[in-house]
Amino acid sequence: MRKKISIIGAGFVGSTTAHWLAAKELGDIVLLDIVEGIPQGKALDLYEASPIEDFDVRVIGTNDYADTANSDVIVVTSGAPRKPGMSREDLIKVNADITRDCISKAAPLSPNAVIIMVNNPLDAMTYLAAEVSGFPKERVMGQAGVLDAARYRTFIAMEAGVSVEDVQAMLMGGHGDEMVPLPRFSTISGIPVSHFIAPDRLAQIIERTRKGGGEIVNLLKTGSAYYAPAAATAQMVEAVLKDKKRVVPVAAYLTGQYGLHDMYFGVPVVLGAGGVEKIIELPLNEEEMALLNASAKAVRATLDTLKSL
């Protein structure tokens, strides 16, 4: 039986995720959007690349949630970007309405699926998706940490002048300014990153990582990143469908780990067929724990805003 992946939202991130997934031959792909013609056109275009790129998966575009039934993985990328003059609360409300609508329609049709959220504000939207779906918390997660860690690894490799393949890096916390990169748990082929990069330069790399999404928005002027976010999402889908037991940072539901309760928050996990199969608790020092708590406070504030709407 072939695996089935449904992607809700056929914008740049959604359609590029479909591209990465097709190239990896992870399963048949359903690309869904509310705008007629967009998912159908993008899906057909991608499907027509299959004889050239030699991937043997079916790709369909649709506006009908019935086509997503019995999915193994549901990826939600749909959401509104923040517009000029829009308050943080306005953005939360708009995207909460979108998330509620998507999940309430998709989840009942695929009761055994793993849900991966890719819309913002991520931790709050993932919490909402878990609530609306009623799924076990380990089968609902958010993608941010894999992307943030990839940016962190890229900048470390650039600075050290080494292959990015040899850079391992860990970070935690919320997405964006609230993220907590962990240099103490970052290595180049097992060698501490501090052996290659001076503390002041590493501090600059950490700051650039925190602002990574904004840097691309400022360069593009009219959009945001999509290649790397889509690749990060595809890596998570692959870990689930192939039961790879990957150790990656994702937004997972916490029940006391790191002293945090009843919230989705970026932590290292073991990711496999069951979704978040284990949450890894790192022995953080006082400084790292202070940064983590500050991040958690910001994420909690967003969650409180969501709950008050």
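Glycine is treated like the rest: Cβ placed from N, Cα and C.
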Note: Swiss-Prot has Gly9, Ala10, Gly11, Phe12, Val13, Gly14, Asp33, Val118, Asn119, Asn120 binding NAD(+), and from Asn95, Asn112 that site also includes Asn95
By Cα geometry, the one of the binding-site residues (Arg82, Asn120, Arg151) nearest His175 (active site, proton acceptor) is Asn120
Val13 (NAD(+) binding site) falls, by three-state DSSP, under helix
Least Cβ-packed of the binding-site residues Gly9, Gly11 (other Cβ atoms within 10 Å) is Gly11
Span of the recorded substrate site, as the biggest CA-CA distance among Arg82, Arg88, Asn120, Arg151 in Å, is 25
Most Cβ neighbours within 10 Å, among the recorded positions Arg82, Arg88, Arg151, His175, goes to Arg151
Greatest Cα separation in angstrom, residues Gly9, Ala10, Gly11, Phe12, Val13, Gly14, Asp33, Asn95, Val118, Asn119, Asn120 binding NAD(+) per the record, works out to 17
Counting across all protein chains, other CB atoms within 10 angstroms of the CB of Val13 (NAD(+) binding site) number 26
